[in-house]
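Asks: Right, I'll just put the structure down here and ask away after.
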Amino acid sequence: MLLLLPILNLSLQLHPVAALFTVTAPKEVYTVDVGSSVSLECDFDRRECTELEGIRASLQKVENDTSLQSERATLLEEQLPLGKALFHIPSVQVRDSGQYRCLVICGAAWDYKYLTVKVKASYMRIDTRILEVPGTGEVQLTCQARGYPLAEVSWQNVSVPANTSHIRTPEGLYQVTSVLRLKPQPSRNFSCMFWNAHMKELTSAIIDPLSRMEPKVPRTWPLHVFIPACTIALIFLAIVIIQRKRI
C-alpha cells in the first residue's frame with residue numbers, strides 16, 4: 001500500500017479521474033477549536049464497489065504541492081462497509097490546519113476529494129493590567145490574550161498609538177500584547193478589542209484606570225543611594241549590639 005500511494009499521487013496529477021467510481025464530500029471545510037476532536041468524511045456509493053476487500057482509503061495532507069500520509073488521522077474502518085471513509089483526529093492542534101486529500105480506492109478505480117481544516121482558538125480570556133507611571137500623571141494599560149489565528153488589536157476612541165506585539169507559544173498559539181500609555185480622565189473607560197479576521201470573531205475587555213489602579217511601577221533604587229543607606233543601617237546595628245554586650 002505504501003508503494004501504491006506515490007504512484008497514485010502521480011496519477012492524480014496527470015490523469016483525469018475515472019467516472020466509474022465517484023467520491024463525494026458532505027462537508028468540505030471544517031472549522032475546529034483547538035483541543036477538540038474532528039472527523040473528516042468523504043462518501044462513496046457501495047453499489048459501485050461490490051467487493052469489500054477491495055476498498056482502501058487514506059487521508060493525505062497537502063503541503064507545498066506535495067502530499068504525505070497524515071499521521072494524526074485514524075481511519076474508522078468499520079464505516080467503510082457503509083460507504084463512508086471517516087478519519088478521526090483527536091485533540092486538534094494548530095499544526096493540523098491545512099488542506100487534505102481524501103483518497104478512496106475500489107479495486108482498480110479510485111477518486112478523491114479535497115477537505116480543508118481551519119483551526120481556531122478564540123481570544124476569549126483577555127488579561128488586563130493597569131500600572132501608574134511615577135512622576136508623569138500617566139497610566140499604562142495592558143491587554144493580553146492568546147488565540148489563533150493572529151488577531152488585530154485596537155483601542156476604542158483613543159488617539160494615542162498603542163504598542164502591540166505578539167509571540168508564538170509552544171502550542172503554536174499567538175500571545176498578543178497591546179500596551180497603551182496615557183493620562184486617565186474621570187468617568188472614562190477604555191476598551192481593547194481583539195479582531196480575528198479569519199474567523200470573523202470580535203472579543204473585547206473594558207478597563208477603568210481610576211477604579212482598578214494597581215501599585216505603582218516599582219522604582220529602581222540607584223546604587224549611590226542604596227549602598228550608603230545599607231552601610232548606615234549596618235553601623236547602627238553593630239553599635240546597638242556592642243552596647244548590649246557591655247551592659
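Backbone N, Cα and C define each Cβ position, glycine as well.
According to Swiss-Prot, the signal peptide annotation covers 1-19, on the basis of similarity to another entry. According to Swiss-Prot, the topological domain 'Extracellular' annotation covers 20-221, on the basis of sequence analysis. According to Swiss-Prot, the domain 'Ig-like V-type' annotation covers 21-118. Here Swiss-Prot flags CYS42-CYS102, CYS143-CYS192 as disulfide bond. According to Swiss-Prot, the feature N-linked glycosylation site maps to ASN64, ASN157, ASN163, ASN189, an assignment based on sequence analysis. The annotation domain 'Ig-like C2-type' is assigned in Swiss-Prot to 122-203. The feature transmembrane segment is assigned by Swiss-Prot to 222-242.
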Asks: Between 0 and 100, where does the mean pLDDT of the domain 'Ig-like C2-type' (122-203) sit?
Replies: 94
Asks: Which is it, of ASN157, ASN189: the one of these glycosylation sites whose Cβ has the most other Cβ atoms within 10 Å?
Replies: ASN189
Asks: Round to a whole number and give the Cα-to-Cα distance in Å for the pair ASN64 (N-linked glycosylation site) and ASN163 (N-linked glycosylation site).
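Replies: Between the alpha carbons of ASN64 (N-linked glycosylation site) and ASN163 (N-linked glycosylation site) there are 35 Å.
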Asks: Which residue among the glycosylation sites ASN64, ASN163 has the fewest other Cβ atoms within 10 Å of its Cβ, if you could check?
Replies: ASN64
Asks: Looking only at Cβ atoms, how many others are within 10 Å of the one on CYS102 (disulfide bond)?
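Replies: So the number of other Cβ atoms within 10 Å of CYS102 (disulfide bond) is 24.
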Asks: Check the Cα-Cα distances from CYS192 (disulfide bond) to the recorded positions CYS42, CYS102, ASN157, ASN163 and tell me which is shortest.
Replies: ASN157
Asks: Between the Cα atoms of ASN189 (N-linked glycosylation site) and ASN157 (N-linked glycosylation site), what distance do you get, rounded to the nearest Å?
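Replies: It is 10 Å, counting Cα to Cα.
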